[in-house]
């Protein structure tokens, strides 16, 4: 693959990291568009908008939120272990993160199937459209994150990351924490408020 | 730094290339091709406007029954034509020409970098770009016909139209992804890969313009993507985001769409401003007047561009107070725009002007941009816009900034950087003929549109003769169409010149224009890795005609 060379540029930051940060800036605007539309449409339908607890299983999704926050923590611990040169720690951290992320997706799929069974679909009402679009795009981001983590995990098994260069782990970490953060916002405005 | 010039296979070198220069040239060829396609679509619809109901000679027989019957254009086909003309020109010609082609080719060279920060992402950006155009244009071959709701795709119509509209939505999402990849790449490259000594305020204006443009792309495009996805769901999944019948909001679309599409007009003009600044300074043999002011003006335009979108919606029944806010913020854009215009004039003032084809096109940019800018102020005023809205006045305005602005800048860029791209010059006499014909035909085509608009001529109408108040204006429509044909045919001169000069153009050395910026210190064309040794930058990009120096230019990388 590429020859070993420094990616640190004039800004004093690795290009790959800078690129991920910029990508996340665009992701913020993407979710801003969706959330903005959600707010507008919800205010236009205040009367018929169901109370979140009436339709959604908040304890279940609350548990799911807890899993996702834990997955951020396991990733941070894994990265810290990797940067200390403790490779097994990195691998365990990545593995647990993948496990928790997959669990999140499984629970979300279960939640979807229950809701669809109860008659709430993307086309059944404006509420359903907003709910599935917002949470669905977040779920897609988690899926991408899990796949990316699996790639990083395989590379860590091959010994690609050293204490000096664990940028690959840092980059997926940035993305993963961002997805986590988006979920906390979505959980608040879709499930709690 | 010297890279090994290992032999690359043809596929790797010219097709699946990760070299920013090859990708830039791929963008250039593709976008110039789509420029011709978009122009041809415009000429077809101009025929209908000048001679409504008359069979089109020769070509009329080529089109199938679903488009023309007996050579007479059907209204549905007319709608598809103006929609696809705008979409092709905006999404597949001008944005990727200015940003994709020039940004890619010029930026790494001008900042002294061996390549872009993410070469493979760069390649992916091109491989999202041209398939997206194919997807959009394939609408012409499906049963419902191509998208026909205008490039603004206002619902409810765009949510219920046929398959061509779905293809259009998918294409816009794809080309948006391509733009985003480009933006991330440009920003990282410009921030992180400048040669030693290349401080931010030593960067040429083209780099600054692409930098700020990329910020706009990065923050505005995802909002369009989210809107397009909701529209796609309305069309395919049974949602009603933008359909009032299911409780949706048609105006929500307009807000989201213009939140992208107003900044997008600056995506289309800012790189042109950068290119023109470089060209004017070089051929005036003078430093750019007010370099810092030019940079801050670009930033000002970009910032204001985000808070003016509502001026497209004065007619939507918005609260007049909101309308006034949007009017004021829009009019504020005149300030940085005027700073730029006066600085270009100040640069040329008492300069030693060299009227090359590139320079002529750059001067045309400045003058046409002024006309387009001034007509913009009319429409920024809510009271005046109520009358002008959706007339040919706005069609005239947008073409003065998009063709008169962006395209003349693109022409200037083509004449200016062609020698660097291919090691040969474009033919100057042919270039001047192309310029003169284009300039005259352009004004004859688009200036009368303002008069049509004041006369109440609505845009996007199929047959002006149906309206008694427009019948006496028909001679103007005929004149516009004839001028448009001259304008279209004139572009073939550029095509001939381009193809001919690739093979037989005058060979040039490193620096044919005696310019200061770094790309002219690399070989023409530059090899893989661009520079033989990483250049060091000692001064700003526009140190022309320094007193007491024997030569009238002073390259950025020259030590003394």
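Glycine residues also receive a Cβ, built from the backbone N, Cα and C atoms like all the rest.
Residues A:174-192 are the range that TrEMBL records as transmembrane segment, among A:155-173, A:174-192. Most Cβ pairs within less than 8 Å of the transmembrane segment (A:174-192), among stretches A:53-77, A:89-109, A:130-154, belong to A:53-77. Averaged over the domain 'Heme-copper oxidase subunit III family profile' (A:1-193), the predicted model has a pLDDT of 92.
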